[in-house]
Amino acid sequence: MQIRLANPRGFCAGVDRAIEIVNRALDVFGAPIYVRHEVVHNKFVVDNLRNRGAIFVDELGEVPDDKLVIFSAHGVSQAVQNEAARRGLKVFDATCPLVTKVHMEVMRYSRDGRECILIGHHGHPEVEGTMGQYDHSNGGDIYLVEDEADVQKLEVKDPSRLSFVTQTTLSMDDTARVIDALRAKFPQIEGPRKDDICYATQNRQDAVKQLAGDCDIMLVVGSPNSSNSNRLRELAERMGTPAYLIDEAAQIDPAWLYGKKAIGVTAGASAPEVLVADVIKRLKALGGEEPVEVSGREESIVFSMPKELRIDAVEL
């Protein structure tokens with residue numbers, strides 16, 4: 001039974017940065033520190049940080065006045081930022097810079113009084129943060145659509161002053177169809193200068209497209225609440241390859257592998273490589289051969305840390 005590994009897979013630059021912010025804050029300021037929302041959507045990562053003294057909360061009201069708080073990689077609304085400032089909380093913002101880019105687009109549209117459509121998944125923290133960047137005081141509004149059916153139902157105030165942005169972790173193919181529907185219904189709509197779907201999401205989806213057709217089954221390492229991990233599973237299934245989303249190696253059902261000759265393995269952008277290694281170990285114990293790395297796009301992007309948490313600043 002062959003084991004084929006997708007490339008790239010696993011951690012992206014934004015996730016690396018967010019986790020490192022929490023770890024360095026714990027090193028510098030000591031436990032406990034508070035994190036608004038799970039810093040990234042991965043159970044293994046969150047449990048490890050919790051064991052180090054990170055306390056994950058849903059609302060700022062759960063953070064004592066004298067404690068440090070970190071905003072998750074998914075970003076927060078202007079209202080949350082304003083509340084933190086009003087209370088004088090010490091904040092480190094672990095929002096992915098690519099999410100911040102979308103926030104800036106939304107703020108620019110709202111300043112210009114342009115209505116804005118966000119393509120994204122209802123209830124996802126990134127969507128809540130992005131929607132919360134829009135200032136309605138200039139007469140515009142922001143709308144959320146998930147699919148083409150939502151586009152058909154949508155009514156806006158002024159189709160001649162309309163823009164769109166997207167959540168960064170969506171399916172590229174699904175998003176392209178929604179954008180086509182928007183352009184068909186609102187011919188004057190303007191989009192971002194550069195695609196909002198992040199490089200890591202695109203690269204990992206491309207890697208699955210390259211791999212899934214040659215495999216009898218795909219295993220996606222990632223947590224159920226990880227948007228980008230779910231999109232990888234859906235993509236493999238859309239290509240006709242059975243796919244399973246697993247948090248850890250113990251969740252692999254040997255029955256999935258019965259009669260299979262080639263197993264593809266990938267990991268969402270919030271899943272650490274140690275979990276992939278555990279999956280490979282279990283697959284080998286179940287009859288798998290030595291894994292083969294499938295070539296893919298190399299990633300070299302690194303996002304800088306907040307100044308106060310940089311190693312040179314800490315050492316001083």
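Cβ coordinates come from backbone N, Cα and C, glycine included.
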Additional site residue, H124, H136 [criterion: listed by Swiss-Prot with H41, H74, S226, S227, N228, S270 for dimethylallyl diphosphate]: H124
Additional site residue, C116, C198 [criterion: listed by Swiss-Prot with C12, C96 for [4Fe-4S] cluster]: C198
Winner by Cβ contact number (other Cβ atoms within 10 Å) across the binding-site residues T168, S226, S227, N228, S270: S270
Chain-internal residues, separated by at least six, CB under 8 A from C96 ([4Fe-4S] cluster binding site): G14, V15, R17, A18, A73, H74, G75, T168, C198, F303
Other residues, Cβ within 8 Å of H41, H74, H124, T168, S226, S227, N228, S270 Cβ centroid ((2E)-4-hydroxy-3-methylbut-2-enyl diphosphate site): V40, E126, T169, N225, S229, G268, A269
